[in-house]
Amino acid sequence: MTAVIPDHRPGSGTASGPAAVAGAVDGARRAQPDWEALGFSGRKKALDAWRVLILRRTEELVALIREETGKTADDARLEVVLVADHLRWAAAHAGRVLGRRRVSSGLLMFNQSATVEYRPLGVVGVIGPWNYPAFIPIGPVAAALAAGNTVVLKPSELTPRVGAWLAATLAEAAPGPEVLRIVTGDGDTGAALCRAAVDKVSFTGSSATGRRVMAACAENLTPVVIEGGGKDAMIVAADADLEAAADAAVWAAMSNAGQTCVGLERVYVVDGVADRFLDLVTERAAALRTGERPDADLGRIVLPRQVEVIRSHVQDAVARGARVLLGGPRSISAPYVAPVVLAEVPEDSTALTEETFGPVLVVNRVSGVDEAVARTNASAYGLGASVYTRDRAQGRRIAARLRTGMVSVNAVIAFAGIPALPFGGTGDSGFGRVHGPDGLREFSRSQAVTTQRFRPLMQPNSFGRHPDTMRTLVRMVRALHGRRALSGGPSPRRGLPHGERTT
Ligand code: NDP
């Protein structure tokens, strides 16, 4: 049986255009209390059923993703795998991360019991991009639903049917009031969702649109998560496994035809190994096939105007003296762009300062790791990065110096495939997190509750307190906290909820 993909039929949970936003938010608002009342286990059951249905219909979703984005079948299958894993994680862990837990009430308030829990916000608006039309929205959608919110999703105007398919399969797996509603349309519909009566907006897209989203949300003081663009770099140290690094670099730069927010756009390779690394990268990238053919490795560039951005970056680099190792302006034949590898590109050329979002890899040589770190951090973006070195301890030290939200050592983009890890960036790449415990908390509000267990001997919070009460309290606090601790304080291993461990 195949899912019925509603094409904006009334009552289908899918509506179209800015005028439809208020109705969708209203419907989601009405559905929310019952969804919240299911509790973590009831919602888990529904989300698990949804995941199973999605996996049963993998090839149907793959076909739809391909139809709307032109990506290769394997790139689309990777999306479905990631969708299932992230959905499973959010459903399985929401109760543990967000559920009520006791915290120490401390010596001063030892007559109180103290608890914290994370309650749903209400209705969450999700605005998604076209490059991963299933996987990207599922991060905030899964977390928001698992936390007890209902969701209105505005997919990209280029991929509305993938969004509608997700809502239709959830409605089928978990019949009842629709907790995931779709509004299709262009940027105006997204802007209307930002100004609607939603309790939070999760936006994924370009940093420029992110600024507009934030401005629109500011009108109602609606909080936002901004997952913006990136200009991810790889650092290749002198001791790196060059074969592995080259293989990973080509995949991270060229898969999905380079249209990945955490795709690789820059490599800083230490001088002594740069020539060998460049040979390996060029050889691998040259073997990739681009176009309509069934065995193609690279599909089309989805957004027609992006082809001109890619062309202008390549032309700018070449005009300013870049060495062309593979392809060049001639690689571009809309809607396809074949792999391009450039070296010795000036750091202030657009190919290194702006997001290219195509299969173009810049490889620049550096004198050492320090220079690589400085150049990586010089970007306005700060989404992901990768480091290749055989010395894993050195890899972690380099990672700690990078101003990015995510780093993989001896791998690329591994952080996106681990649902327990937070995903997000800094600088022009935005703020807030999806995925992992942070992602679940992003769509919740903490609520602190104290319950008095017995009347205290001293009553500082009363006008009827004894005249000596405050002086006695100050003496107590001085005795308890007035000296510097001899040890480093409580062990960081203690008090970490949810199985998070220090290393
Ligand atoms: P856009 O910024 O063009 O669009 C993103 C979404 O916002 C779309 O649904 C779009 O609608 C909508 N939108 C457009 N204008 C407005 C507005 N004024 N108010 C509210 N919503 C609006 O990004 P793309 O779709 O082109 O996606 C590519 C970008 O996304 C790249 O920069 C990429 O790096 C980034 N990205 C970031 C990720 C991350 O997690 N950090 C992950 C994936 C992509 P419509 O498409 O209908 O115009």
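Glycine is treated like the rest: Cβ placed from N, Cα and C.
A TrEMBL annotation is a machine prediction, not a hand-curated record.
Checking TrEMBL for region 'Disordered' across the ranges 1-21, 22-42, 169-189 points to 1-21. In the three-state DSSP scheme, Glu227 (active site) falls into the strand class. Counting every protein chain shown, the number of other Cβ atoms lying within 10 Å of the Cβ of Cys261 (active site) is 27. In this view, Glu227 (active site) is surrounded by 29 other Cβ atoms within 10 Å of its Cβ, with every protein chain counted. Counting in whole angstrom, Cys261 (active site) lies 9 from Glu227 (active site) by their C-alpha atoms.
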